[in-house]
Amino acid sequence: MISEDLENRYKALIKERNQVTEKLKNLNWNKKSNPKDVLVVKRPGQDPEEFTNSKKNRSRSPRNFELHTERPPLLKGSKSERLRNKNIVTSLLGHLKKAKQDLSEQKPKLELQMKANLKVAQEIKKQEEEIRVQALEEINKQKEIEIQKKNELDEQIAKLQFQMQKESHENRTAVYCSYILTDTQPGIFYMPYKHNEITKKRLAQSKEKIEGKAGVWHRHLEEEELKMSRERLEKVEEENKILNMNKT
């Protein structure tokens, strides 16, 4: 039977590893971002800042429109009415001419304004890229910490599992050693009501046989643990290579 202390330690380590695994899932930078996602950036010595992805989906389909043209009606009014209409058209043409002249005068100012707006847009884009790179660096650092923590927990859990298996096997072996094992196939364990010289001798022989088999199993368990330890070490080295590649 496994001691209660080992079971409690094992459960606590499993719970902690599950929490670390969940953190690593949440730190996955490659997931598809939502346009409404909020990026939180914390700079050293400053309060955390939130940056909302405010990109809007624009439709690429052209707008549908219809152009209706109508022939202007013929003027059949009096001479004074035609003269009034002529004055209106003349005034409108003058207004358009003045508007064109004003637009020509404002053109240099508009070009300067456009250049200024373009410069501001480029600066904003540059700052967004800096924030993105900084956020990615922070995420990679956090992932590196969590991965290292998870690897340490995996190692502790594996060692604890080996210790629990060893303790359980030793307890079973101790129980088996208190019985006499027959030479029949299959073997039968039995305990005489009262020992004599013959049963004591058989008990000693059975104990030696059981402990021999237990030693073989124990060596096999140690070899398996050594093999798994090497595999865990190779996995850690591979993860470190990937992290170093992401840094560069």
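Just so it is clear, glycine is given a Cβ too, placed from its N, Cα and C backbone atoms.
Caution: TrEMBL annotation is automatic and unverified by curators.
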Range annotated as coiled coil in TrEMBL, from 3-30, 87-114:
3-30
Apart from its near flanks, which chain residues at least 6 from the ends of the coiled coil (219-246) lie with a Cβ under 8 angstroms of it?
140, 143-144, 147, 151, 154-155, 158, 162, 165-166, 169
Let's see if you can do this one: DSSP helix, strand and coil counts over the domain 'Pinin/SDK/MemA protein' (80-208), in that order.
109 helix, 4 strand, 16 coil
Mean pLDDT for the coiled coil (219-246), as a whole number?
80
